[in-house]
Every structure is written in C-alpha cells, then in structure tokens.
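Colleague: What follows is a structure written as structure tokens; I'll ask about it next.
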Amino acid sequence: MRILYLLFSLLFLALQVSPGLSSPKRDMLFCKRGTCHFGRCPSHLIKVGSCFGFRSCCKWPWDA
C-alpha cells in the first residue's frame, strides 16, 4: 500500500509539470492581445511573434 501512495504522488507531480497541462495565461504573457496557436497561424491570421515553445502569436490583420 505504501508503494501505491508513492506512485500516485509521482503521477500527480508529473501531471503538474507537463507542458501540455500548463496554464494558458503564461503563454499570453508573451503574446500581447493575440492568441497562441501551435505551429503556424491559421490562414485568416498573421504571425506577429512567438509564444512559449513551438506556438505562434497570431493576430487579426487589422489589429497588428
């Protein structure tokens, strides 16, 4: 039973540290008044910078 508690605590720690489950507010610090998209921006938006990792900061053309 002690091992079970240890495994659950390690799983909980791993889920908190993983970048896929992080808060999107941190990404928005790098992208002012835009949206973060993984990879390239959609066709109707233009790239104005980068967010955290491989994400692109995208805005509408009239907001850039």
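Any Cβ shown, glycine's included, is placed from N, Cα and C.
According to Swiss-Prot, the protein has these features:
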- 1-28: signal peptide (SIGNAL)
- CYS31-CYS57: disulfide bond (DISULFID)
- CYS36-CYS51: disulfide bond (DISULFID)
- CYS41-CYS58: disulfide bond (DISULFID)
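I'd like to know what surrounds each of these features in this structure.
Modeller: In sequence order, VAL48, GLY49, SER50, CYS51, CYS57 constitute the residues six or more apart from CYS31 (disulfide bond) in its chain with CB-CB distances below 8 Å. Under DSSP, CYS31 (disulfide bond) is assigned to coil, being neither helix nor strand in the three-state scheme.
Taking all protein chains in view, 20 other C-beta atoms sit within 10 angstroms of the C-beta of CYS36 (disulfide bond).
Long-range neighbours of CYS41 (disulfide bond) (same chain, six or more residues apart, CB within less than 8 Å of its CB): LYS47, SER56, CYS58. CYS41 (disulfide bond) falls within neither a helix nor a strand when secondary structure is assigned with DSSP, and so counts as coil.
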